[in-house]
Amino acid sequence: MPRLFFALDLAEKQNLAARKQIVALKAQLSEAGKPVQDNNLHLTLAFLGNVTAQHTSRLRKQANHIKAGIIETNTGELGFFNRSGAIWLGLDPVPDGLSSLARTLQSLSSSITGKDFDQEYIPHITLLRNATVPQLVPLTPLSLTFRRFGLFVSEPDPEQKGARYQCLQHWPLNEGHTGEF
């Protein structure tokens, strides 16, 4: 069964300059852990884990009905998840529309797959894994605009000794909508 997640993709053209600076930050921190592949940089909305083909089909159909607005935000400070050893880049501010979209997708996913989303949602971009607590580095806020969200699959990548993320489908975020289903 494939491992799936809903996310915002940093590869959107309006974010390429910010993404380039995030890649440079990741390189600057690389001695602290294993850097995430550049092509895998994203902002997770809902991690689903292993999902059957039937559930994947239902998720894709139901995601067609989600109406949410374009998300504009800035990067914030670095964070660290002790349990997973991940260094991440946070957002400041966290837009209500982002939190609403994440809750909507988590609710949708839970109703289809039965997965429980009981952890607090902390929007972030993972930079390194298997890391030690990072040295504080001065950060300049970077502007990010997301015009779509996607359903991604995580597949083994033997060449990189890690995972490769591939988008199965994108859905547009539109002006004037709030996260609703």
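Every residue gets a Cβ built from N, Cα and C, even glycine.
According to TrEMBL:
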ACT_SITE  His42  active site, proton donor
ACT_SITE  His124  active site, proton acceptor
DOMAIN    19-88  domain 'Phosphoesterase HXTX'
MOTIF     42-45  motif 'HXTX 1'
MOTIF     124-127  motif 'HXTX 2'
Cβ neighbours of His124 (active site, proton acceptor) where a neighbour is any other Cβ within 10 Å: 20
Neighbourhood of His42 (active site, proton donor), C-beta criterion under 8 angstroms, separation at least six: Ala7, Leu8, Asp9, Leu10, Ile125, Phe152, Tyr165
Helix-strand-coil residue split for the motif 'HXTX 2' (124-127), DSSP-based: 0 helix, 4 strand, 0 coil
Confidence summary for the motif 'HXTX 2' (124-127), mean pLDDT rounded: 97
